[in-house]
């Protein structure tokens, strides 16, 4: 991927630092005549917005998105895309004027501070600068528009593990996602997470999480055999989110423990003349191409690096030091990564939909070869 | 990534099917004046070459690479790059003329057969066509040249898990890699794998594997903050290898279980004026940028889909059927993925080296900011 | 080139329509530690700004640029780049609320109206939408930053022909550029252009122009042999400007009339150990690579399509109609294309500088091979 | 454009030097199910092949193309694309073992020798290496396949000027193209060119040419507003051909002399419900998007730089010298550029066809907006 752009036909470029005047982005290549409303985009942003429970950073950002180009107003108060680039702008409001001199001088372990300084020789340290999770708001806004391109497709994410607590997949209920502050589909696990994360939060510590995104309704045929594999682009897209350290498709790492017999998703003819898969170990992708089954992706988010416990570090000037991070932080940054993951999956799918119909001329999937 | 190209400045494009006349590729953007020998490339290919033990497919391919462009001969019998595109050609020799009519008609579960047919409406089914692992030979050849661009860097891969057997990291010995047919760094585990895989092989089954690649000597500063994150490009590159279902960096999925304290790689000043990290949970990458620590990547390879046990499937014509795969296959295709993973890491690192010095003008890393 | 992005390492993406809330863009891949001031960018914009003489559209736009990201303030009131994306924003102020219903319904000959409607099935017709010359303000702002990357390089443009009037190259004086409203380097021709264009303007007509951009101080070695030829990228960049219909390098079309003897730029050794070219028919580029001579590019701008004389056309609904364009327009849109051409050349050169040092590791040119 | 790749969805990468073992390329992204024959490709190559008249280089190259991948044989002896990368290989046969020591040491004026050496510090000087016109054979082969993607489209090129001789457009007859060795559509001018070029050839000199390519049948709607303008991509594609120094669309540079009234292509409704343009000054492109009129592009080719008359130059070692080029050369390299220009136009059009249907989902053009 380019430095700050991803996608091939449906392309998203983002910009902005945590404490600059604004963050934003440009969607290029969006099909024309796609209808959406600002409220659609805002609703997506609100799911990611900080400060909605005690488990996310208390930074207060309205995250109000402005669309500067690429659309026309519709008669019913909505917007319609024109095929030209769509610019998104979100102003930074709550750039609390705190003292950042310490993190300007010392490298926070687990943060990008040192790496940025070595790479660029200069760094906007305020609030993490470009590496702030704040940038993900733009991804969510772009994903909301990508989702409109994918008519008939449902993309939903869930938190399936937090620190030591895993969900029980037998209790999976998508409706639970909206009933707890963790996007957790298992009500019982969500209850335990609440206590667990309160403890983490009060001790000024943090913890990681595993998230899962499922895309249903993706037609068979999207993707490409090798370097343009659907799973390769999904992996890059998810790994590009701050703090993500692992990505897997379908069985993922567990597939290493399976035999060929166990891993084979057998097929039968359905009554509607379409094939039915008897399992989905593949996570909806074979040979880099979608099979028509749900696309299932998981990714791991490391614990927030900003913690209250002092850690050993060095300064810009080559001296040993200790550092701990005051300020507002998510005890589990993975929670808010759920809508971000959904957005990235939506953008990748929209891109591959356009690429597929570009190469093949087909707008729809079909059960069997022409 | 594009359909069949990866990389931004050091770009690799591959072509070829399992049973066509040849496979090959083009490296574009390679720096000039890089010296290498055909023997260097051949040695890398030989590590991946099938038929070297009873645990890999018995297809006999000499995998002799020809270099058609982009180099000049040197006085000592080697080659030197000129900066123009380097074309690699490997002829297919052992395209055994077997009967492929069954897999032409029926979709093998776990294979890309169905997905290809839906996408393209046409498919070269002989030996898997484009989806054959044979394509990875070109990656290995390209990686051997990328490795020459990365002077001072050592990139090594190992198999760290096969089916139910995991290695013991305390017994890790890089020298063991060459002493067993599995690229396994744990001699004791390798012994158990031999018995285990013999059983799998004799029963006509297959099994998955987990591989790890470590790049040492990568200077701090390679990569980019977000969409061009070093880990995003590594994830895409590894996920683009056939049968790979998961990728993780450093602690990877295990980081979800850690606290911020556990995950922080603390720093101290070294005697040489360079910072020392006290741990490497990050796997050598923070904020998408290399830290100067070893880059550590793991990826999961699913079991070979070609198995002797009949599986339920459907035909091109929409009928239920059963299928099993005769022919020559790897009982654990993950084994030969070790040199492929090394090659992909080398290509990504070479690309990011060029990108970094393009943007910043620096040829070297340095311990502290300018 | 992508839809709305150009460049490979120094990448510029633009967005915005004539009558939307704002236009803007994102520069990605800019080197860090480049110092510039808002005043530098504003000065470049002011050269392109409309309403400065009676020969440009009377639309009143302050063209005040805001920089939203990618820089830090310096102690002396300037800015310094951090290596992250630089977002540029220019608000649209004077979107005069005129009646656009006629051009919404009828296709103006010579305009993009019909082509947009066929392509997208929808069109922002107000002020020309995306096809408005207003977009070029963003190019100029980006070019001002690109120019800072190119230390030691001077890039200057001039109008060398307008309608029937050509300059006399023997009278070329760069100082004249700023003394007439045409960026014309020939004072005598500028005087005649003034009368000529007054006539064109008063009759509600328009006329085309030929512009020339010269880049001095470009080191030898930038570019690439074939598809990445410096002249190929220059041609695309200049042709991407509204209303440009032709591009040529050095002798350009005139080279077709030359013999090999006439066209050869002979070389002699200079006293400083560097080669001297005895002519510059090549326009500073041979084989796609800069030679160290000045880069010389010319491009032709067609007459403004908006004219007062009624022209035959058809409506969106398939009826014959007549149309003429009221409103504010440039009688010679080519005049304001001079700073736009300079900006595009600057962006292409900055991109190739980064690409060259990425591939070769060299920061400087040198007179003879290593 | 990348170094050696062009196109966005229909992508062509080429490799190879004049005196290496082979030249070739890879077409990536070609739609599946496109039927063609090797004879189609060969016929295109034969038009470009040297040695067919006394007016082209006497190098004898059969230019026999091999297709290594991406196709399957059809029952009628043809080929059908599978959607995977198509590799093209053309072996170099007549690499006459002449003495190249002089051009290894001295830079030929007008050639890329010096620029290559400065850029790369190394150069394959034999026959011009990568800068040899030999590379264009691959473009022609790729263009032959692109042409098959463009069903219903006719792309034809012609030589419209050679040195001092211009054609008379009133005598334009496409049938004449095949009746003279110059691809000249004006029989009378072709006769004069024969005498003229004989004189040039016998004196060991060379001369430039102007070529025109016309694409008929391109539907309205291909292209994109700004950086992805159809004309921008055409300009880059044609400028990427060796020795090309200028490109223009429609009226091109002549449009600078026109008024808005003269330049407006007025429209009337046709009897079939489609609009008719009353002129084609625009060359079939407005605002970067095709209008449905014929696309008309012209490009200028400079005189062959290899001439018999000694020219002043310098050596690699910084000494003054004289050089003249023995060996086999085209007295007017522009002649053979006709099929190359056609091929580049075909590739650009195929790419934009795929991009257009990718973004908009439309496979066909239509007269009026949806």
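Glycine is no exception: its Cβ is also placed from the backbone N, Cα and C atoms.
Feature list (source: TrEMBL):
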- D:48, D:54: NADP(+) binding site (BINDING)
- D:130, D:131, D:132, D:242, D:243, D:287, D:302, D:303, D:304, D:305, D:306, D:328: FMN binding site (BINDING)
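Structural mapping of features recorded in TrEMBL.
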residue : record               : contacts (Cβ under 8 Å, 6+ apart)
D:48    : NADP(+) binding site : D:63, D:136, D:137, D:140, D:336, D:339, D:340
D:54    : NADP(+) binding site : D:198, D:201
D:130   : FMN binding site     : D:16, D:17, D:18, D:116, D:124
D:132   : FMN binding site     : D:17, D:18, D:242
D:243   : FMN binding site     : D:133, D:301, D:302, D:304, D:305, D:333, D:334, D:337
Listing the binding-site residues D:48, D:54, D:130, D:132, D:243, D:304, which lie under 8 Å (Cβ to Cβ) from chain B? D:130
Do the binding-site residues D:48, D:54, D:132 include any whose Cβ comes within less than 8 Å of a Cβ in chain C, and which? none
Tell me the Cβ neighbour count for residue D:302 (FMN binding site), meaning other Cβ atoms within 10 Å of its Cβ, over all protein chains shown. 29
Using DSSP and collapsing to three states, where does residue D:302 (FMN binding site) fall: helix, strand or coil? coil
So which of the binding-site residues is most packed in, judged by how many other Cβ atoms lie within 10 Å of its Cβ, out of D:304, D:306? D:304
